[in-house]
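**Student:** Handing you a structure now.
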């Protein structure tokens with residue numbers, strides 16, 4: 001048979017062999033080698049085979065059994081590793097990705113997906129595979145390893161495949177299942193941690209910041225936001241991410257952890273992307289850091305308000321307050337308590353982010369409140385490098401300690417009593433008909449010290465005075481004449497008359 005380059009294939013005990021060989025082959029194992037001596041009466045007897053075997057010849061056979069099967073055989077499955085968790089097994093019409101080594105019964109390797117460094121990807125149970133493999137893959141879990149032994153009539157039969165597999169060959173596949181899904185699958189969500197307090201869940205159009213680990217079903221890591229030390233920031237339900245993630249991020253709470261399992265038709269499809277192979281099921285373990293909607297305004301929660309709360313903060317007031325600033329996940333960003341001093345601002349003057357200006361409105365001394373500021377009213381998409389992440393929602397716990405009432409809008413100085421009819425002459429101390437900055441500054445300072453006038457609180461005195469002087473010095477020559485000098489209400493009246 002070696003000379004012919006093909007094995008001798010025959011049914012045993014059915015008269016297809018000489019009697020001696022029919023007896024000698026019984027009880028043999030695959031890969032067993034026997035030296036068989038057959039007397040003439042159990043071989044070709046007194047006649048022999050003309051030109052080949054003489055009469056009354058004793059025959060000697062050196063036999064090596066390569067393959068063995070019975071027409072009543074079925075596919076044999078031997079599982080040698082099975083994961084502890086097996087939420088789903090292969091069913092008819094599922095699509096699977098698996099690695100395999102294919103050998104004959106004697107151990108000869110004829111094919112291997114490992115050598116090609118690519119999984120075998122196919123539907124199960126619908127005729128895309130040889131019948132034996134269609135049967136042998138059923139019931140497998142992702143991560144399971146099994147040996148599937150297939151008789152030839154459930155493989156490539158009498159003719160083989162015309163290439164590597166000869167006719168009547170039994171096949172042995174050592175299989176590890178890496179992936180499994182059905183084209184009808186939607187995403188699957190497994191909640192791992194849901195905060196007890198969940199005032200709001202994400203909706204279409206919200207902007208989320210979240211961390212994630214992305215793996216394949218077999219646990220292979222393909223991406224992680226943690227490795228970049230930066231959240232993934234995106235709109236939800238708008239097509240900015242793959243369809244399965246767009247769906248899986250809806251209905252989450254801030255601080256929630258969930259697992260989102262995404263079939264390939266809702267992920268990266270048959271082509272895959274980067275480290276993600278084609279037709280791969282994706283598993284994302286996500287942790288929602290925060291989310292907001294571009295239409296959100298500032299949220300204010302009052303925790304304590306004094307019984308005497310008649311004076312409320314307004315634009316222009318000078319405020320002193322303590323705060324703790326954190327992210328929605330509780331990460332502390334800053335605290336005036338740790339600095340040992342208050343934060344002092346003029347409300348509505350642009351000294352803080354717009355959301356804080358809004359959050360400090362209508363507050364009385366002693367009041368404590370929490371102000372939640374969406375990023376478009378905070379530090380925006382860029383954040384503050386090294387301090388505040390981009391697109392972060394900010395949480396300020398505030399206690400107002402002091403309030404100095406400001407001036408009416410547009411005023412930097414007001415009189416506490418009647419204005420002198422000879423105001424210009426009083427300022428012009430040397431009576432030369434011109435007021436210089438030094439004269440103007442000295443006069444205003446005197447009015448404030450004697451209580452006759454009041455400057456807008458919280459601003460630098462010199463800057464206010466220079467600004468007031470510049471408003472009066474209409475020709476910009478550094479001097480104010482009587483003709484240039486006008487009070488605020490006089491300017492307003494003139495503008496009204498002009499209208």
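Glycine too: its Cβ is placed from the backbone N, Cα and C atoms.
Automatic prediction, not curation, is the source of TrEMBL annotations.
Annotations for this protein, taken from TrEMBL, read as follows:
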DOMAIN    1-69  domain 'PPIase FKBP-type'
DOMAIN    93-181  domain 'PPIase FKBP-type'
DOMAIN    205-292  domain 'PPIase FKBP-type'
DOMAIN    316-404  domain 'PPIase FKBP-type'
DOMAIN    415-450  domain 'EF-hand'
DOMAIN    460-495  domain 'EF-hand'
REGION    473-499  region 'Disordered'
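Please situate the listed features within the shown structure.
**Tutor:** According to DSSP, the domain 'PPIase FKBP-type' (93-181) comprises 13 helix, 36 strand, 40 coil.
Helix, strand and coil counts from DSSP across the domain 'PPIase FKBP-type' (316-404) read 13 helix, 37 strand, 39 coil.
Across the domain 'EF-hand' (415-450), DSSP assigns 18 helix, 3 strand, 15 coil.
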**Student:** With CB pairs under 8 Å as the measure, which of the listed stretches 1-69, 205-292, 415-450 comes out on top against the domain 'PPIase FKBP-type' (316-404)?
**Tutor:** 205-292
**Student:** Per DSSP, what is the helix/strand/coil residue tally across the domain 'PPIase FKBP-type' (205-292)?
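**Tutor:** Going by DSSP assignments, the domain 'PPIase FKBP-type' (205-292) contains 13 helix, 37 strand, 38 coil.
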**Student:** By DSSP, how many residues in the domain 'PPIase FKBP-type' (1-69) are helix, how many strand, and how many coil?
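**Tutor:** Summed by class, the stretch gives 9 helix, 14 strand, 46 coil.
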